[in-house]
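K.L.:
Here's a structure for you.
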């Protein structure tokens, strides 16, 4: 936007005795009264007011729709009496346009009731700055005009004018320079009543003379000549009070009043790949042509200002991640100042950690494990941990899983604590009432233990801040436990277990527990078939639980009822009934995992289909949320023995990664959006 006039006005009544020894009784407190803040409407877009940035300074621009919106009754600030101050200053900061000859624009006015009752105002023309006020005596009332030769305001730079008024003395100072004084034959009235009048910013209550520049500041301040208070200072820094919407872009869009207004700027917009967002780029824009989004640098983060609705178009392979052996579980996590990582739980003697480097995962650390099933990343204060669930015993026949701690010095995970486990399948880390817990899913006792060895206790461990170790806190009876999932609903904490096998059948109950009086207690039970995973997710204010059923098997009916193609189930919380009720059944092929994710305003579930009874080469499916229809299949992804899904996002976009329990190859897939 070129050749804009930005306005910043301050009125300062003089609190000192007037000439001739008269004492002025102030009608307002001796403090700045922000006229512009009073006039700014709560919703600028609807009221014809927009925000523009020129040479780093923000201002408001008015349209014809803002005539009445940018006004307020004088009684709002003149609460003690109805008289305008006899002595004051007016401060105007502006960036002037080039006006046609004989054209005038009003910077502000005070207008009384009546067809043409202007009490006072400030008007700008190509060659003059006019201060207008109403005078009266016994002969009647008339309008007085004090005119100053307009300083060089049309050089596309910011300028600040200070107009000081005291009886018959009028002084104009430009950019803290040498003041120009005028002695008028007609003094400013000592008793100018503003009863029933209104302040108008940028107009005289009509379209003719509407101010076409930018308004930045308009303040009424009881006091003397403001020049001594404001100078020396740069023109854009001469400020007494500025409305919050013009004080810069602090905070995020949802709590930033600026973004409630149409926004314009004369700054350049960066195109191409995501640039850095530092102090140098603060308040700069970046346009992402691929995603058709406009972003603003706020602090150190690019914040979306105008983003097209992101939609999932298709999925493509991004990386083939070759692993030490078949991968039974994956965990994606971020370590501050270190980067994005993925941990793979591998079947053989060593598992691995990979770091996201140059848009791909690269080998970072190798860790000895014993048929690892899963990893769990969690933090306690500034401590960063990674726990592995080992399924097999070590060479000495000892069964244990290991918690590793991140070393800030070596930038590697180091063994921290061993925990006795029994064919552990999963760890779940969570916090309740400020205390930290770890729950292990013990699948079975050692194979050589006689009898039914799947019905054993799983254990919840509690962090002891004194010993800085996890200690057994509660045991819960489980049947071939495969997975724990923790979640909260309001003030309540829940923990749900996926029970897979009781020694004779996969058709067993999986249980949901609620935290009450210092421990987890049974809340609800679900019929499941070889449950391998629970996934909790929210859509709006609705809460869902999805179970992955892997196998329907019963030793007494083995031949007739050995099926891998069975329904997995999504439950929804019924708040009134205080229970989860069945919402949707989805046919799956030995499902081992659910993963919930979103793209733009759309929600998705992807299932890990692993086996259909004949082959491990089965498609895993992405389902999209379609409201009343529930989840509907939208993408079919070829997978081989798919075991686990994870989702993550980088500056380059969103990704899915899946592990294979049947080949030493995991795949990273990129979500292409439009």
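Glycine residues also receive a Cβ, built from the backbone N, Cα and C atoms like all the rest.
As annotated in TrEMBL:
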- 63-224: domain 'Thrombospondin-like N-terminal' (DOMAIN)
- 360-408: repeat 'EAR' (REPEAT)
- 412-465: repeat 'EAR' (REPEAT)
- 469-517: repeat 'EAR' (REPEAT)
- 519-575: repeat 'EAR' (REPEAT)
- 579-627: repeat 'EAR' (REPEAT)
- 630-673: repeat 'EAR' (REPEAT)
- 1-20: signal peptide (SIGNAL)
K.L.:
Would you mind splitting the repeat 'EAR' (469-517) into helix, strand and coil residue counts from DSSP?
P.N.:
0 helix, 39 strand, 10 coil
K.L.:
Using a Cβ-Cβ cut-off of under 8 Å, list the residues of the same chain that are 6+ residues beyond the ends of the repeat 'EAR' (630-673) and lie near it.
P.N.:
274, 291, 310-332, 340, 342, 344-347, 356, 359-361, 374, 570, 583-584, 586, 592-595, 597, 599-600, 604-611, 616-624
K.L.:
From the DSSP assignment alone, can you count helix, strand and coil residues within the repeat 'EAR' (630-673)?
P.N.:
0 helix, 36 strand, 8 coil
K.L.:
Using DSSP, what's the helix, strand and coil tally for the repeat 'EAR' (579-627)?
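P.N.:
Secondary-structure composition of the repeat 'EAR' (579-627): 1 helix, 37 strand, 11 coil.
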K.L.:
Mean pLDDT across the repeat 'EAR' (360-408), rounded to an integer, is what?
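P.N.:
That stretch averages a pLDDT of 96.
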